[in-house]
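> OK, TrEMBL features for this one:
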| type | residues | note |
| --- | --- | --- |
| BINDING | 46-51, 176-182, 201-205, 270-273, A326 | GTP binding site |
| BINDING | S50, T182 | Mg(2+) binding site |
| COMPBIAS | 1-10 | compositional bias 'Basic residues' |
| COMPBIAS | 11-28 | compositional bias 'Basic and acidic residues' |
| REGION | 1-28 | region 'Disordered' |
Amino acid sequence: MGPANRKKKKQKEEEKKKSQEIEDKMKKDLENQNKKIKLLVLGTGESGKSTFLKQLMILYKGGFGKQDKALYTTTIRSNLIGHTKILIDAINELGIEVKSKSKKIMREFYEMEYYSSEDLTENVQSQITTLWQDPGFKEAYDRRSEFQLPDTANFYLNNCERISDPKFEPTQEDILLCRIPTTGVNVIQFTVDDRPWQVVDVGGQRSERRKWIHQFDDVSIVLYVVATSEYNQKLYEDQTVNRMHESLILFDQTANSDLFKEKNCVVLFNKIDLLKQKIKNIDLKVCFPEYTSGKNYEQACEFIKQKFLEVGRNTKRTIFTHFTCATDTENMRGVFDAVTTTVLEAELKKDGYI
């Protein structure tokens with residue numbers, strides 16, 4: 001075979017190889033396009049994981065229908081009664097003084113055993129409104145770090161009359177603030193730009209975490225939610241454990257486990273609206289004695305972020321961070337866009353394109 005023929009043969013082989021590479025790439029792209037992205041949402045109880053899922057329902061599943069709203073109506077009204085009972089317990093426990101009229105209502109509240117949404121009659125609504133106007137109840141609310149009270153209590157108590165109305169239909173904000181502890185596993189599926197997504201949320205309380213292991217297969221990316229405002233609060237399950245400390249320990253256990261040590265992770269620093277208000281009065285030093293920047297919101301945010309980045313020290317993956325308020329829908333849209341970009345970049349890197 002002469003030089004010209006050898007050159008021609010080599011060109012054909014190179015063209016065939018290039019054609020095969022293009023075909024393989026197209027096949028791989030098609031597989032990626034059809035491959036489901038699995039996002040695992042982790043974090044301690046009360047961090048805001050379920051609120052993130054509700055936002056995805058709003059953004060990609062058309063929001064909440066009549067049946068959903070009916071269920072949330074029941075839960076919201078039960079939350080309102082529950083918040084009131086927690087405050088009554090706290091007032092009794094802390095020895096806070098209230099008006100004589102409030103004392104009478106407090107006794108009746110327990111004698112009548114108000115529990116469910118059906119108990120929220122016009123009379124009960126009037127009682128709750130009277131209690132909430134009592135300075136003693138406001139004092140108890142201000143001392144809520146000394147007992148367990150959901151962050152949404154203030155909102156629902158301020159809207160007691162509207163929520164109690166027989167014609168009440170929850171708004172998007174009402175639903176986002178509704179507190180339903182996650183038990184078991186919640187999964188939502190949707191499609192974005194022709195790509196299927198599966199988002200999995202598991203209960204954050206200690207008793208629920210043993211169920212996490214069953215959700216670890218085929219995870220594309222982990223979203224870990226941190227409640228930044230809980231630096232001076234204790235766990236529901238253990239009144240001796242600081243919530244922020246627990247969140248750091250749990251992040252260490254999950255992010256650095258063999259299952260996730262090479263998975264990219266997004267840490268969502270949530271409830272910054274509450275942090276911004278709280279840091280004005282309560283120094284981050286109550287949680288981290290080594291913190292020395294005082295009651296400064298920006299410095300507190302940076303310190304908390306660095307604490308989590310130090311824990312997620314593994315160098316085989318990237319940890320992305322976002323400060324947010326999970327009840328802000330547009331903010332959540334930006335967060336999810338960032339998560340999507342992170343997943344796609346990881347796929348391109350894995351396939352050798354970047």
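The backbone N, Cα and C atoms fix where each Cβ goes, and this holds for glycine too.
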> Using Cβ-Cβ distances, find the residues under 8 Å from N270 (GTP binding site) that belong to the same chain and are at least 6 apart in sequence, listing them in sequence order.
S47, G48, T51, V225, V226, A227, T228, T324, C325, A326
> List the Cα distance (Å, whole number) between S50 (Mg(2+) binding site) and L176 (GTP binding site).
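So the Cα of L176 (GTP binding site) lies 9 Å away from that of S50 (Mg(2+) binding site).
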> By the count of other Cβ atoms within 10 Å, pick out the sparsest of the binding-site residues K49, R179.
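Candidates: the binding-site residues K49, R179. Fewest Cβ atoms within 10 Å: R179.
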> Fewest other Cβ atoms within 10 Å: which of the binding-site residues E46, S50, L176, D273 wins that one? Let me know.
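Output over binding-site residues E46, S50, L176, D273: least Cβ neighbours within 10 Å is D273.
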